[in-house]
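S.K.: Straight out of Swiss-Prot:
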type	residues	note
ACT_SITE	His16	active site, proton acceptor
BINDING	His16	anthocyanidin binding site
BINDING	Gln347, His362, Trp365, Asn366, Ser367, Glu370, Asp386, Gln387	UDP-alpha-D-glucose binding site
Amino acid sequence: MVQPHVLLVTFPAQGHINPSLQFAKRLIEMGIEVTFTTSVFAHRRMAKIAASTAPKGLNLAAFSDGFDDGFKSNVDDSKRYMSEIRSRGSQTLRDVILKSSDEGRPVTSLVYTLLLPWAAEVARELHIPSALLWIQPATVLDIYYYYFNGYEDEMKCSSSNDPNWSIQLPRLPLLKSQDLPSFLVSSSSKDDKYSFALPTFKEQLDTLDGEENPKVLVNTFDALELEPLKAIEKYNLIGIGPLIPSSFLGGKDSLESSFGGDLFQKSNDDYMEWLNTKPKSSIVYISFGSLLNLSRNQKEEIAKGLIEIQRPFLWVIRDQEEEKEEEKLSCMMELEKQGKIVPWCSQLEVLTHPSLGCFVSHCGWNSTLESLSSGVPVVAFPHWTDQGTNAKLIEDVWKTGVRMRVNEDGVVESDEIKRCIEIVMDGGEKGEEMRKNAQKWKELARAAVKEGGSSEVNLKAFVLQVSKSC
């Protein structure tokens, strides 16, 4: 019998790579050989760290996306990138698979992340079974499915900015316009940069429709999204999350927890020592992920709000966000007396620190799962893609946070920032309920990945299928 060998094909963005690597580690722990492949540029950066920390059983390979020296979002065209990654990626991915076969290690199953439907086409051509690794919530996949299957006209009405507009989709909560993925709201299409997104999601669903038994592995867990996981009858949605290092889920991470956290940045900052000096549940942590750049005006409003609440904070402002000298925050001296600003931090280490009181977040799915798994309530500031849906779930379904309201210019003002942070932090009834709910979801997340937990059982069943197909 051939040794089971999974090829994991990952879109080259930090938010895709992190959960994919955790997935790879889980497969390896269950005795599956894994080859992790992403773009040449991302592979080069990973390889430096992987040389010393990659777990045994994980192989790294690269495919070309046509931008082997890196994609520069402020210069390069996103639509051209998606065209290049398809054409170059398809050919070079075939080469990776054929080379592996020539070496006596044939790929027996292919798993790919979203935005890469062409990877499934390559697998089909080479008669290799494939599965999609969906790294957003099941709720978001359901919304896209409904959009392309009977609800498109109704959802297009959401762009009218009518505050009373809402839609009830099967097995999902009542959704307003602000709760839909941004690519479905036509007002967001004025930015032509991401016009490739919706057709790519449609192609992804068409690809699944063309399979006899489409499998979608979802970075969620049954207790968190029980109804959304059952919403699409013709797809087999399988909750296998949260895909974060097990050492942060109350378990032992036998495969080097340092590998697969934050591959593209490291910091020698003393922020952890600083957190150690702070009282329990006192820190406001502010971070907006690896892609989002805030306007100077928005940063000023956040700074003003932080100064007004007079609470210690840890704020991540990435190096590429740094302004010219004349554009730096006007109240920097006051800020530095009250809190700490860093270019990067290990988010899971921060979220699990006893001093953490709340997380002001863009609500990317990785950050959302990390906050739930750490039991930290959220002040939600969503911007685009799935973040509005995630904020809806945080505020109204899981009840672990509050969503900030933007003004007519799309800016959250300092008074609103102050109001929302105080709801979570001031010890009142609402904040207390959020804390209790956050603790509840923390325990449920840990239970899901323990032996006999829903995600562990689901992943074992998938591994059994992979092994049988050899």
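Glycine residues also receive a Cβ, built from the backbone N, Cα and C atoms like all the rest.
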S.K.: Using only the residues recorded as binding UDP-alpha-D-glucose (Gln347, His362, Trp365, Asn366, Ser367, Glu370, Asp386, Gln387), report the maximum Cα-Cα distance in Å, whole number please.
M.R.: 20
S.K.: Could you state the whole-number distance in Å separating the C-alpha atoms of His362 (UDP-alpha-D-glucose binding site) and the residue listed as 'active site, proton acceptor'?
M.R.: 16
S.K.: For Asp386 (UDP-alpha-D-glucose binding site), what residues in its own chain, 6 or more apart in sequence, show a Cβ-Cβ distance under 8 Å?
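M.R.: Looking at Cβ-Cβ distances below 8 Å from Asp386 (UDP-alpha-D-glucose binding site), excluding near sequence neighbours, one finds Gln136, Pro137, Val140, Pro181, Gly364, Trp365.
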S.K.: Round to a whole number and give the Cα-to-Cα distance in Å for the pair the residue listed as 'active site, proton acceptor' and Gln387 (UDP-alpha-D-glucose binding site).
M.R.: 15
S.K.: Among the binding-site residues Gln347, Asn366, Ser367, Gln387, which residue has the largest number of other Cβ atoms within 10 Å of its own Cβ?
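M.R.: Highest number of other Cβ atoms within 10 Å: Gln387.
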S.K.: Given the recorded positions His16, His362, which one is most crowded in terms of C-beta atoms within 10 angstroms?
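M.R.: Output for this query is His362.
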S.K.: Need the DSSP three-state call for His362 (UDP-alpha-D-glucose binding site) to compare against my parser.
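M.R.: Note: His362 (UDP-alpha-D-glucose binding site) is coil by DSSP, not helix or strand.
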S.K.: Can you name the residues of this chain that are 6 or more positions from Glu370 (UDP-alpha-D-glucose binding site) yet have a C-beta less than 8 Å from its C-beta?
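M.R.: Same-chain residues close to Glu370 (UDP-alpha-D-glucose binding site) (Cβ under 8 Å, separated by 6 or more) are Pro242, Ile244, Phe248, Gln347, Leu348, Leu351.
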